[in-house]
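So that you can see what the record holds, here are the features copied from TrEMBL:
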| type | residues | note |
| --- | --- | --- |
| ACT_SITE | Asp353 | active site, 4-aspartylphosphate intermediate |
| BINDING | Asp353, Lys354, Thr355, Glu463, Phe505, Lys529, Arg558, Thr638, Gly639, Asp640, Arg720, Lys726, Asn749, Asp750 | ATP binding site |
| BINDING | Asp353, Thr355, Asp746, Asp750 | Mg(2+) binding site |
| DOMAIN | 33-93 | domain 'P-type ATPase N-terminal' |
| DOMAIN | 773-1000 | domain 'P-type ATPase C-terminal' |
| TRANSMEM | 53-75 | transmembrane segment |
| TRANSMEM | 87-106 | transmembrane segment |
| TRANSMEM | 260-284 | transmembrane segment |
| TRANSMEM | 290-313 | transmembrane segment |
| TRANSMEM | 807-827 | transmembrane segment |
| TRANSMEM | 833-855 | transmembrane segment |
| TRANSMEM | 885-905 | transmembrane segment |
| TRANSMEM | 911-932 | transmembrane segment |
| TRANSMEM | 939-959 | transmembrane segment |
| TRANSMEM | 965-991 | transmembrane segment |
Amino acid sequence: IFFCLNPFALRCCPWSGCCGMGDFRPRTVWLGHPEKREQRYPRNVINNQKYNFFTFLPGVLFNQFKYFFNLYFLLLACSQFVNELRLGALYTYWVPLGFVLIITIVREAVEEIRCFLRDKEVNSQIYSKLSTRGELLFSLGHMGCSCFLRTDQLDGETDWKLRLPVACTQRLPTAGDLLQIRSYVYAEEPNIDIHNFVGTFTREDGDPPVNESLSIENTLWASTVIASGTVVGVVIYTGKELRSVMNTSNPRHKIGLFDLEVNCLTKILFGALVVVSLVMVALQHFAGRWYLQIFRFLLLFSNIVPISLRVNLDMGKMVFSWMIKKDSKIPGTVVRASTIPEQLGRISYLLTDKTGTLTMNEMVFRRLHLGTVAYGMDSMDEVQSHVFSAYTQPPHDFAASRAPATTKVRKTISSRVHEAVKAIALVHNVTPVYEANGVTDQAEAEQHYEDTCRVYQASSPDEVSLVQWTESVGLTLVGRDQSSMQLRTPSGQILNFTILQIFPFTYESKRMGIIVRDESTGEITFYMKGADVVMSGIVQYNDWLEEECGNMAREGLRVLVVAKKSLTEDQYQDFEARYVQAKLSVHDRSLKVATVIESLEMEMELLCLTGVEDQLQADVRPTLEILRNAGIKVWMLTGDKLETATCTAKNAHLVTRNQDIHVFRPVTTRSEAHLELNAFRRKHDCALVISGDSLEVCLKFYEYEFMELACQCPAVVCCRCAPTQKAQIVRLLKERTGKLTCAVGDGGNDVSMIQEADCGVGVEGKEGKQASLAADFSVTQFKHLGRLLMVHGRNSYKRSAALSQFVIHRSLCISTMQAVFSSVFYFASVPLYQGFLIIGYSTIYTMFPVFSLVLDKDVKSEVAMLYPELYKDLLKGRPLSFKTFLIWVLISIYQGSIIMYGALLLFESEFVHIVAISFTSLILTELLMVALTVQTWHWLMVVAELLSLACYVASLVFLHEFIDIYFIATLSFVWKVTVITLVSCLPLYVLKYLRRRFSPPSYSKLTS
């Protein structure tokens, strides 16, 4: 029976109660003590919702009315309850505001319901449980006496972790007996440290009582995956006390930069509204109750701040989100935050995870290099033949000795290949495990070394790929325990090796070694493999190691140097005595042990180099190139080790071939950080690689200097990053640069980063959807990011900018006409248009053509992908700037003045004719201006133009209260409206032609 202390998350909710929100405390979890299981713990559920049932309506209303113009229109509508301030029917103010709020509430409700259903699906997963009362134990998996754990979804590390059971529970006959013993687990208080754990397991019914210490090796955290089999464990932490949850920030309501810019423009418009109102009252010499007149003018010119702007933009965002979902070239893409699609059009920094995002975490053996000869994927059959000949030919062949010199060279190469393959098959920590496959049971498979039932388990996928490769060329690892190893030759012979010593890989040593005895010959051999930086000083002198390691690294391969040293029995016995003595020492034990091992690591025979590739996701390289050409700087933040991260950065071309890489040395103090930063400052156009520990020291003492230097780098790689560190880097980038950031990840350890970024993109990985569910946008592959940004992001931003400025223009036009009208009629606070005219103007008469701008585009999507430099133009925010805003304001003032003065000059007798001429000219001008603004016509745009014109003509029948029906049927009305409309629009058409002729935009050359 395997019993593992297990702070692992159930995905269902076994606890009905929830602990308070006070400080976290240590806990004691009892087994076999039903009376002591009354303590309550947090409910074990995930929750990605922004609101709950009670906070939804207040929360949505608060998020709407914190926008300046929404609050302004609320006050405006409320003012109509005051008789002295009322200008018309209440519905003219409350209907538009109510419509805006209803649209917003419905949209937020739909998103919250979808989020609730997604969370419910995950929280409803069923787990078996052994206990019927306390619900502390559950069935997870089997392992025998140990198991391997995959933690890449928690910490980003690709290495598998070895986990050990509690020893005193292994003698229990069945898992059910765990409920009969009287024991308890004491565990430390919940904290964010995922690399350490302190606890004890005490069994009281033994004589004497058993007390066993618990460490990180006895734990299975939430968001990790058991490699195979089943285990039984006790739940220690749940809900908000989980390490993965504590390393994740709460979801926040993201407000786009575009929305903030529009909010700023509306404040300027409000300032203009106040100024115009004060001028009107001043021109009346502040006569009578002038303060009431100010309020009336504020209401009269309220159209200067358009209420329809918010609803048009919100509906536009919904259309953009729908377009993203329906794009067949990025299938499976989901928009979870429909409020920020235009953010995708202005990303300056993209921060991406490595494992599962850029790479597939599937290692493939690519190269075997012996110095004089190298074998690639296309020549592995030669390696196979060399291995086959080594085990099938007699050791002493008379004919071979008389063979010509070329045969001797072949024999030499053959023996070198054989030695290299044997070394690779022996120097590792891989264990073959046999599982039943439906035909053969486990015991039989293990006894006969069934190939179909065998799987390899190891702490690193690199190790597994090397052993799988030796199997493919004929030398198969078929068995291993703590003291021996068995290899099978191509002829089926079993070679037995005794494991005498193992020196495991550490991040400090960057190498691993093993001493084995060949049972058939009694030979003792010390094999070692490691990184070239350390192995170059250990192996015998050669002239090719450094050069070939550099060549393979440039190809993006992870390079390992393999060497060996033959030991006599006396040499080994002498080493063992010194090694045991060093391990028994109390002071400086690790130093003394390392010294003894290093006494062996001298003048070793260099056997070969191995090159392993972590396969990239599809089209990662072209996607990163597109992003780079678009002016987006890419940072890779990973929990993996430095060498792995650097290799992936080169392989993915995140770092280009002609760029230098500056590896930031490990620093622990302020002075060390200062020296290293000065060294880095002297480098130019250089990619930076830095570890999480060094990054923490730099940010502590030199935050501003480090961020300034890092932002100048073409690429940055941060390795050994904790989840909270990833979020901190995103936050600092936003604060220091003021630019928009996008974070991409696939694991639970990326959630904090995704939620902190301006745009969070989750990649649906193999190990769950935690990142995908918490993200603003979800894609199925990294390569879809290129189209998401270059096409949809760019279009969303440009369309939103055009739509917002046209809505402002539409409102300023009618406000200018009202100002001219009031000025002519002695500054009277009398509305020019009343009732349905004022509502119809911004709805059925112009809404469809103006909103159809969300379908406009300057270039085809293929062109946008082919020329990502077009995206770079948007990073400066030119589509919506104070310059473009001022241009539209001037256009509005010109057109509004022309229409109003033209109507006043050309009308003959009745005031109602002014309304008919000016309003008709205004509608026609808006329809023509939409046509002027459109860059690529869509059939729906034509329908919208014709439909709006038809609606206006048809509604004239019902507008006899405001417009003289008989007058509009006369030729006089037609020519006056035509002249006014032409004067208001024709100059703008001429200017547009001249601008495109003499100063064309950058994209025009691509569309011609």
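Cβ coordinates come from backbone N, Cα and C, glycine included.
Here the features listed in TrEMBL are placed on the structure.
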| residue | record | Cβ neighbours (10 Å) |
| --- | --- | --- |
| Asp353 | active site, 4-aspartylphosphate intermediate | 30 |
| Thr355 | ATP binding site | 29 |
| Phe505 | ATP binding site | 21 |
| Arg558 | ATP binding site | 22 |
| Gly639 | ATP binding site | 28 |
| Arg720 | ATP binding site | 21 |
| Asp746 | Mg(2+) binding site | 34 |
| Asn749 | ATP binding site | 32 |
| Asp750 | Mg(2+) binding site | 36 |
Remote residues contacting the transmembrane segment (885-905) - C-beta distance under 8 A, at least 6 residues beyond either end: 265, 268, 805-806, 808-809, 812-817, 819-821, 824, 914, 917-918, 921-922, 925, 929, 976, 979-980, 983-985, 988
Chain residues in Cβ proximity to the transmembrane segment (260-284) (below 8 Å; excluding those fewer than six residues from its ends, i.e. six or more beyond): 67-69, 72, 290, 293-294, 297-298, 300-302, 304-305, 309, 313, 804, 808, 812, 819, 822-823, 827, 829, 877, 880, 885
Listed recorded positions among Asp353, Thr355, Phe505, Arg720 whose Cα sits within 10 Å of Asp750 (Mg(2+) binding site): Asp353
Long-range Cβ neighbours of the transmembrane segment (807-827) (under 8 Å; 6 or more residues past either end): 265, 269, 276, 280-281, 283-284, 297, 300-301, 303-306, 308-309, 312, 833, 838, 841-842, 846, 850, 885, 888-889, 891-893, 895-897, 899-901, 904, 918, 922, 925-926, 929
Residues in the domain 'P-type ATPase N-terminal' (33-93) grouped by DSSP into helix, strand and remaining coil: 31 helix, 0 strand, 30 coil
Extent of the ATP binding site in Å [max Cα distance among Asp353, Lys354, Thr355, Glu463, Phe505, Lys529, Arg558, Thr638, Gly639, Asp640, Arg720, Lys726, Asn749, Asp750]: 32
Entries of Gly639, Arg720, Asp746 which, being binding-site residues, have CA atoms within 10 angstroms of the residue listed as 'active site, 4-aspartylphosphate intermediate': Gly639, Asp746
Which of 290-313, 833-855, 939-959 contacts the transmembrane segment (911-932) most, counting Cβ pairs under 8 Å: 833-855
Cα distance (Å, whole number) from Asp746 (Mg(2+) binding site) to Thr355 (ATP binding site): 8
Mean predicted confidence [pLDDT] for the domain 'P-type ATPase C-terminal' (773-1000): 89
Beyond the flanks of the transmembrane segment (290-313) by at least 6 residues, Cβ under 8 Å: 67, 69-70, 72-73, 76, 79-80, 84-85, 87, 96-97, 99-100, 103, 259, 262, 266, 269-270, 272-274, 276-278, 280-281, 284, 800, 803-804, 807-808, 810-812, 814-815, 818-819, 822, 829, 831, 838, 842-843, 847, 850-851
Between Arg558 (ATP binding site) and Asp746 (Mg(2+) binding site), the C-alpha gap once rounded to whole angstrom: 23
Rounded Cα-Cα span from Gly639 (ATP binding site) to Asp746 (Mg(2+) binding site), Å: 13
